[in-house]
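Noted in Swiss-Prot for the protein shown:
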- LYS654: ATP binding site (BINDING)
- 42-52: motif ''HIGH' region' (MOTIF)
- 651-655: motif ''KMSKS' region' (MOTIF)
Amino acid sequence: MQDKYSPQDIERAAQDDWRARDAYRVTQDAGKKKFYACSMLPYPSGKLHMGHVRNYTINDMLTRYLRMNGYNVLMPMGWDAFGLPAENAAIKNGMPPARWTRENIAYMKQQMQALGLAIDWSRELATCDPGYYKWNQWLFLKMLDKGIAYRKTQVVNWDPVDQTVLANEQVNEGKGWRTGAVVEKREIPGYYLKITDYAEELLAFVTDDRLPGWPERVKLMQENWIGKSEGLRFAFPHDVRGDDGALIGGGRLYVFTTRADTIMGVTFCAVAPEHPLASHAAKSNPALAAFIDECRSGGTTEAALATQEKKGLRTGLYVTHPLTDEPLEVWVGNYVLMGYGDGAVMGVPAHDERDFAFALKYGIEIRQVVLVDGEHFDYRRWQDWYGDKQRGVTINSDSFSGLHHKEAVQAVAHVLEQKGLGEKKTTWRLRDWGVSRQRYWGTPIPIIHCDQHGAVPVPEKDLPVVLPQDCIPDGTGNPLHSHQGFHAGVTCPVCGKSARRETDTMDTFVDSAWYFMRYCDPKNDQAMVAEGTDYWMRDPQQATGGSGMDQYIGGIEHAILHLLYARFWTKVMRDLGLVKVDEPFNRLLTQGMVLNHIYSRRNDNGGREYFWPQDVEQVHDAAGKIIGARLIRAVGDWPAGSAIDYEGMGTMSKSRNNGVDPQELIGKYGADTARLHTMFTAPPEAALEWNDAAVEGSHRFLRRVWNFGLQLHAAGMTAASASLAGAGAPQTRNPPAFGKPAKALRREIHQLLRQVDYDYQRMQYNTVVSGAMKMLNALENFKASDPASQASDPLALTEGFGILLRCLYPVTPHIAHSLWRDLGYAAAVGELLDAPWPQVDGQALVQDEIELMLQINGKLRGSILVPAQASQAAIERIARASPAALAAGAVPKRVIVVPGRLVNLVF
């Protein structure tokens with residue numbers, strides 16, 4: 001056994017041993033309970049970050065713990081390998097994205113292996129492999145055949161820098177999620193998936209408690225994104241005719257509202273820039289035409305429109321109020337989306353905050369029609385009660401006056417239905433998923449374009465449509481347009497004439513919508529999913545239905561995008577008879593972000609320059625609060641001592657120079673320290689604030705563990721010296737008489753084991769580590785018994801240390817593996833890989849004696865030890881005979897016993 005804890009040597013040896021044993025290859029086993037635990041697959045950006053380390057260590061701890069408890073556990077890994085970053089790196093470095101991606105995968109895989117993760121690498125996949133994306137294409141064709149996939153022209157979000165379409169979810173405050181460029185609106189053809197057909201079911205599963213293992217926060221985010229609204233769709237009649245003489249829209253401008261009770265407060269209508277009425281008015285209005293062009297920049301999402309300045313322009317057109325026949329002016333508003341509802345909204349300035357601001361800006365009448373008792377309406381400023389539908393009562397609304405919200409909505413709906421101008425309707429915020437991307441590095445959409453037959457699906461026998469690997473994008477659009485090899489020899493499947501391939505590729509969220517199923521049978525070239533998927537993804541107690549994977553782990557940032565698409569994809573596969581589950585993930589854990597200090601200073605260009613924490617010294621006030629920082633060495637043009645700004649804690653990122661390189665951490669302290677620190681510092685769901693001093697503390701703890709094992713080894717106290725049961729509890733034909741210290745040690749160890757086991761089941765891994773630390777403290781503090789019972793001491797120590805090693809093994813597997821073997825536990829009960837989880841010994845928890853506080857006249861004067869089952873009379877006798885009682889020099893008048901707590905002698 002090594003005299004010194006050397007993590008690099010220990011970890012290398014342990015990993016070599018696991019590799020030689022092929023320790024983590026998993027197959028189906030009908031004799032064991034199965035458990036499928038999976039982390040969200042990473043994008044191969046080049047290097048792991050500490051968020052990866054935390055995510056995968058959580059998964060690894062769960063996997064190892066369950067394996068020790070007799071489960072057949074699958075922990076796979078793959079690569080979300082398509083996407084824009086690879087293209088941009090190719091532009092920067094002048095190399096094909098395929099090469100850049102493969103090199104990154106190779107390096108990041110080495111990093112994962114250095115962490116000692118229990119990954120079954122035989123199931124590794126990369127979404128850029130033709131053998132994987134063939135099935136993207138195959139399922140796309142099935143969706144096309146079933147009408148789930150379709151092609152249409154629509155106004156989309158266009159990123160002018162990346163020159164691609166963005167899904168609504170990829171637009172943040174009117175800017176592209178990756179480039180930050182102001183998003184434009186364009187009309188282009190593309191393929192869409194009817195996720196809206198599944199809206200009701202997608203909503204039901206997150207609102208009807210059918211996903212009890214999901215965080216409530218995530219379910220609420222999905223509920224809000226799906227956005228079911230029940231309201232009224234009705235029309236404002238008009239007589240505006242187009243160039244052909246026909247009434248535009250049949251002479252009706254339709255809107256949808258959930259606030260029909262405010263219909264008498266409508267003072268204008270607004271339409272989207274793409275609305276037919278706007279287009280008609282712009283033909284004779286150059287200013288309006290210019291405004292419509294201006295509206296084409298900016299996002300097409302509700303979030304984007306909510307943050308941008310609200311602008312509008314009169315069209316000169318009018319519609320008629322359906323109840324009062326009052327003429328209402330039509331405006332073009334940059335905040336109205338053509339893709340939502342009918343591309344028009346009714347303007348009720350008095351009771352809608354957006355309309356209120358718009359009316360103030362353009363001098364439009366504000367007409368109050370709802371009153372809340374005790375409130376005063378001020379036409380100059382918005383107050384939250386203006387939109388209160390719970391307390392409000394209608395006023396200034398003719399026959400509808402005096403009605404509460406629901407009553408007024410029903411009454412208005414009835415009248416408009418009678419007039420043939422309205423109907424009750426349910427609408428959804430969710431929109432069909434646009435999957436076409438005008439980029440190269442993605443799954444080719446399996447469509448051929450023929451001059452005669454249009455868009456024709458590629459025959460299944462010709463799949464996969466393979467993406468050329470030799471393209472080097474130059475940033476000026478999709479290189480597939482001009483790639484001769486991609487189009488060479490392509491003919492129409494219908495007529496056989498020369499044709500061209502579709503050059504759009506699929507949104508990369510398609511790749512990640514089902515990869516977890518492919519892990520179950522990754523090498524199958526005959527089917528998308530097969531028997532292995534049924535084994536790993538389904539509860540064997542359920543014939544059909546239910547949820548799939550047992551545990552999914554990933555960041556909260558994927559709550560809407562990835563998770564919603566994966567749920568949709570699973571339901572489509574179910575309806576096509578490919579899987580038997582309703583949902584992809586039974587339980588979901590969203591781990592917290594890893595945070596670090598952020599230091600910056602504004603540069604001469606007006607931007608901010610960020611500094612690495614190791615180059616900075618913090619400045620504190622008298623209370624110890626960080627109030628600033630200064631450089632401890634020259635950085636670029638900034639000399640040592642320069643004052644810089646402290647921005648607080650924030651997510652680790654390359655752009656802010658506050659990341660920690662896992663490889664450097666492993667090189668200095670070892671993988672076990674990195675794993676231990678990320679688990680101990682905070683609960684898995686909470687943010688982890690990085691602290692270099694705490695890393696040192698984690699490393700010191702592991703040195704203590706090693707040194708204690710070294711002491712046992714030197715004293716000859718190895719597991720081979722005692723007969724151990726498989727669970728780690730002592731088991732001999734004639735159990736030795738444990739001395740009091742040994743009994744106390746065993747009681748404390750088994751109490752801690754009970755708590756640690758409970759925390760493992762709850763996945764509260766920070767308290768698992770703290771429990772293990774308490775175990776080590778108990779072992780280190782153990783004092784030998786009297787000579788007559790010293791024979792039992794080695795057994796208590798070796799049992800206790802064996803329990804500690806097994807409690808530590810899921811979080812720090814390398815050091816536990818090494819000590820387990822060096823101290824003979826492997827020879828006694830088998831290799832730690834498959835050693836059983838230690839069981840709590842109920843006998844060890846039984847206390848022979850208990851300690852009671854001793855009071856004299858209500859004041860604490862010490863304690864006494866009494867038999868655990870002592871009667872009150874026996875306790876009184878022991879208390880009266882205690883040194884403190886005898887020192888009083890008198891006979892107590894009364895003895896008060898509080899069972900299990902204290903004895904009070906009253907003199």
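Backbone N, Cα and C define each Cβ position, glycine as well.
Note that this is a predicted model, so its numbers are computed, not measured.
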Secondary structure tally of the motif ''KMSKS' region' (651-655) (DSSP, helix then strand then coil): 0 helix, 1 strand, 4 coil
Other C-beta atoms that fall within 10 angstroms of the C-beta of LYS654 (ATP binding site): 12
The motif ''HIGH' region' (42-52), counted residue by residue under DSSP: helix, strand, coil: 3 helix, 0 strand, 8 coil
Integer average pLDDT (0 to 100) for the motif ''HIGH' region' (42-52): 93
